[in-house]
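Annotated features in TrEMBL:
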- 24-48: transmembrane segment (TRANSMEM)
- 39-289: domain 'G-protein coupled receptors family 1 profile' (DOMAIN)
- 60-80: transmembrane segment (TRANSMEM)
- 100-118: transmembrane segment (TRANSMEM)
- 138-156: transmembrane segment (TRANSMEM)
- 199-224: transmembrane segment (TRANSMEM)
- 236-254: transmembrane segment (TRANSMEM)
- 274-291: transmembrane segment (TRANSMEM)
Amino acid sequence: MRNQTAVREFILLGLTDVPGLKHFFFTFFLLLYLTCLLGNGAIVAMVISEPRLHTPMYFFLGNLSCLDIFYSTVTVPKMLTGFLFGHQPISFSGCLAQLHFFHFLGSTEAVLLATMAYDRYVAICNPLRYALVMSPRICLLLAVASWATGFVHATMHSVMTSQLSFCGHNHIHHFFCDIKPLLNLACSSTSLNMTLLNIVTTAIVLGPFTLIVLSYLYIISFVLHKVQSQEGRWKPFSTCVSHLTIVALFYIPVLLNYTPPSSGRSTKGDVSVSLLYSAVTPALNPLIYTLRNQEVRSALKKILQRKL
């Protein structure tokens, strides 16, 4: 792979240069990051150790929690260092690695959320065939397909970005190396990169989102036509509330950042929106599932009682 870059290092400018805000942001995002690590780590431990959670829904939830741990770790520690020590240098190879893993884990989560919606569709609309349709082998294949899709998508962007020439400014107006701010610094043509960003990345976002919407439309139609009692209608919906909440928290900011046709420029709005799905949402996911799910709460109490 030929790399003709003159710039060997970039400078991440971060969120702010105001000292007071830096201290506040450091404390706030450190607490969020610790919440993410502890909360998602607890869910992974519960899914592995508690036999009652050895079901397809919790298998995918365990995958989601692993993703959230890695996803936050790609960007938040570097951002926290910036709050303490100012603008952060990052090597060209380190920048590409951060870009790769950010989009690898992010696009994997987008596909995995669609897989979880399909799981809920089968469980509610076709319960008699659920064990057959969502067998351990099928669940494993769906999980591997989610991770593989994310990896291929991220590899495409990291390889294409590595071919660009950077010979001017090296200051990135962001807290991590994302595609749009890097394209804005490139000296060579970025038309192919922009095409991939506008078409392929949009498809990676909108494709799974469309499947999620269709799954829940089928669920709503099934419940309204097949279930007569109000209590019977609420029970299927109650199992989907946590997933729908996470879908909204993840997809709304991602759709704002990546689905409109992009000029390659990174705005302050892009940076703010990126914070939501890279730092805030991964910390909220375990809280959402823990607070709304009786089985998860029971498993957590059981684990804590063992340790006490």
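Just so you know, glycine gets a Cβ as well, placed from its N, Cα and C.
Since the structure is predicted, the reported quantities are computational estimates derived from the model, not experimental observations.
Across the residues of the domain 'G-protein coupled receptors family 1 profile' (39-289), the predicted structure has a mean pLDDT of 88. Beyond the transmembrane segment (138-156), the same-chain residues lying 6 or more positions past its ends with a Cβ under 8 Å from any Cβ of the stretch are 56, 59-60, 63, 99-112, 115, 118, 196, 200-201, 204.
A contact between the transmembrane segment (60-80) and the transmembrane segment (274-291) is present, since 3 or more of their C-beta pairs, 6 or more residues apart, lie under 8 Å. 236-254 is the stretch from 100-118, 199-224, 236-254 with the greatest number of Cβ pairs below 8 Å to the transmembrane segment (274-291). Remote same-chain residues near the transmembrane segment (236-254) are listed as 64, 106, 109-110, 113, 116-117, 120, 123-124, 205, 209, 212, 216, 219, 223, 227, 273-274, 276-277, 280-281, 284-285, 288-289, 292-293 (criterion: CB distance under 8 Å, separation of at least six residues from the stretch ends).
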